[in-house]
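Asks: The following feature annotations were taken from TrEMBL:
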REGION    476-496  region 'Disordered'
TRANSMEM  43-65  transmembrane segment
TRANSMEM  112-132  transmembrane segment
TRANSMEM  144-168  transmembrane segment
TRANSMEM  216-241  transmembrane segment
TRANSMEM  262-280  transmembrane segment
TRANSMEM  300-320  transmembrane segment
TRANSMEM  327-344  transmembrane segment
TRANSMEM  350-373  transmembrane segment
TRANSMEM  394-417  transmembrane segment
TRANSMEM  437-459  transmembrane segment
Amino acid sequence: KAKALPKPEWDCEQLHLLDSKDTAPKVDNTEYRRNRLSVCSKICYAIGGAPYQITGCALGFFLQIYLLDVAQLDPFYASIILFVGRAWDAVTDPTVGFLVSRTPWTRFGRMLPWIALSTPLAVLAYFLVWYVPPFEDGKVIWYLFFYCLFQTLQTCFHVPYSALTMFISSEQKERDSATAYRMTVEVLGTVVGTAIQGQIVGMANAPCLPGPLTFWLAYMIASGVICLIYIICAIVVFCGVREQKEPMSFFQGIRLVMGHGPYAKLVMVFLFTSLGFMLLEGNFALFCSYTLGFRNDFQNILLVIMLSATLAIPFWQWFLTRFGKKTAVYVGTLSVVPFMILVVCVRSNLIVTYIVSFAAGVGVAAAFLLPWSMLPDVVDDFQVQNPDSTGHEALFYSFYVFFTKFASGVSLGISTLSLDFAGYITRGCSQPEAVDLTLKLLVSAAPIALILIGLGILYSYPIDEERRQGNRKLLQEQRDNEADSETDSTELANMV
């Protein structure tokens, strides 16, 4: 009896190349082509990440100094506003994630309507955050209310947008590519946010000099420009992205998501590393203005960091595909540490500060790219281990954003309280020596310690390149089997 020949295995690229040849197997690769994303789709998707970074950069770098020197709030009340606002923002993330997962499918999708409906109110709340009300008694309540309101509405934008990564394509390669586009635009968004807020505000009078009205108007103009960009980006992502329909359920979702070991470890890693970077971000403007004495140049220094980060994104994308994502996290994050030490040890020198800032931006790029690049791998790993539990993508992203925003709130609250205890002088041209020492600790020693703790936890993170590729193959086999089952069912129905 003749031995049957083994059935040849063809991957998608071979099928694409051989599809037109007579000798090639006649296999339908419609599914593969359907999941491929055009460059235009990736760009439209990526543009949706800009509003979060633009507003986050403006708030992270400038809100603290705005509340202290323009709104002239006491440092204690400013710390309350910053901490409560970020804590509230963190609480809304899992709440919105739950509501998104329960949202019925519409003809526009499930995620996109959230983006469209939240945008108008979000830009209004953001604009009012930078408005100085004409009264003193309720000023703290004003800023606290509109800051919390904006954070809530931005969560209604950002959580669905983040989860949209899993719904634009079922192909891991396409999602990784779209994420790289998104990270490039997001880092570019930080450049835009820094440039708009920093350059417009920088053209106004310094806060310790006469002319507070001019300084306040500069913040208002900058916020108006950012609001316009926010609206344009929301329109682009809503009109240019097609959301694929996937089954969605919430049964035991929270317990399953938080109980997934790789996800819990990844969250802890970036909880500590993001806390370190946010301490640096929140206090860098004050550090440049008072400790280094570059009051008129700090916005340019921030711009150099963000431009360097933007240019470094393609390098880190190549690095993680060549050496693996885990290795890229170690190399990229640790590359910032020497410059954190150098910036506080070297005597105040503007040229040296620019050089150090440009080099540090390369590491900042890794901090932007790698967290969001690794999160889809955790979702894939969860789907492999829980094939019967689907539709929890929004929960993964919402809880991840929850912990990073919680870290931001803690960092802002701690730093502003520390400045209060050190004797920070509102609208002062100089600060006590204790404030200078506190700022050095907040932009160097404390962030380095937190980064090292996060990287220590990363050592036990179990998803390496081998496991990631294995999960990819298993998920592809599951999709192929589901497609075959649907085809067989269709053929049987036609026969009947």
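Yeah, the Cβs are placed from backbone N, Cα and C, and that goes for glycine too.
These numbers come from a predicted model, not from an experiment.
Each of these features: where is it, how hidden is it, and who are its neighbours?
Replies: Long-range contacts of the transmembrane segment (43-65) within the same chain: residues 37, 78, 82, 115, 126, 129, 150, 154, 157-158, 161, 164, 168, 178, 181-190, 192-194, 196-198, 201, 207, 219, 222-223, 226, 229-230, 233-234, 236-237, 239-241, 278, 281-286, 289, 302, 306, 408, 412, 415-416, each at least 6 residues beyond the stretch ends and with a Cβ under 8 Å from a Cβ of the stretch.
Remote same-chain residues near the transmembrane segment (262-280) are listed as 60, 329, 333, 340, 364, 367, 371, 374-375, 378, 381-382, 396, 399-400, 403-404, 406-408, 410-412, 414-415, 442-443, 446-451, 453-455, 457-458, 460-463 (criterion: CB distance under 8 Å, separation of at least six residues from the stretch ends).
Same-chain residues lying 6 or more positions outside the transmembrane segment (327-344) and placing a CB less than 8 Å from one of its CB atoms are 269, 273, 280, 291, 316, 319-320, 353, 356-357, 359-360, 362-367, 370, 374, 440, 443-444, 447-448, 451, 454-455, 458.
Counting residues 6+ beyond its ends, the transmembrane segment (350-373) has Cβ neighbours under 8 Å at 162, 165, 176, 179-180, 182-183, 186-187, 190, 266, 270, 273-274, 277, 288, 292, 294, 297, 301-302, 304-313, 315-317, 320, 325, 328-329, 331-336, 339-340, 342-343, 400, 404 in the same chain.
Same-chain neighbours of the transmembrane segment (437-459): 265, 268-273, 275-277, 279-280, 282-284, 286-287, 290-291, 326, 329-330, 333-334, 336-337, 340-341, 343-344, 415, 418-419, 421-422, counting only residues six or more beyond its ends whose CB sits under 8 Å from a CB of the stretch.
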Asks: How about long-range neighbours of the transmembrane segment (144-168): same chain, 6 or more residues beyond its ends, C-beta under 8 Å?
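Replies: Distant Cβ neighbours of the transmembrane segment (144-168) are 37, 41, 45, 48-49, 51-52, 55, 80-81, 84-86, 88-89, 92-93, 96-97, 100, 109-112, 114-115, 117-119, 121-122, 125-126, 128-129, 174-175, 178-179, 182, 234, 237, 241-244, 246, 372, 375-376, 379, 393-394, 396-398, 400-401, 405.
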Asks: What residues elsewhere in the chain lie close to the transmembrane segment (300-320), defined as a C-beta under 8 angstroms and at least 6 residues from its ends?
Replies: 57, 61, 180, 183-184, 187-188, 190-191, 194-195, 198-199, 202, 284-285, 288, 294, 327-328, 331-332, 353-354, 357-362, 364-366, 368-370, 373
Asks: If we skip the immediate neighbours and take only residues 6+ beyond the ends of the transmembrane segment (216-241), which ones have a Cβ under 8 Å from one of its Cβ atoms?
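Replies: Distant Cβ neighbours of the transmembrane segment (216-241) are 40-41, 43-45, 47-48, 50-51, 54-55, 58, 62, 66, 70, 108, 112, 115-116, 119-120, 122-124, 126-127, 129-132, 157, 161, 164, 168, 192-193, 196-197, 200-201, 203-204.
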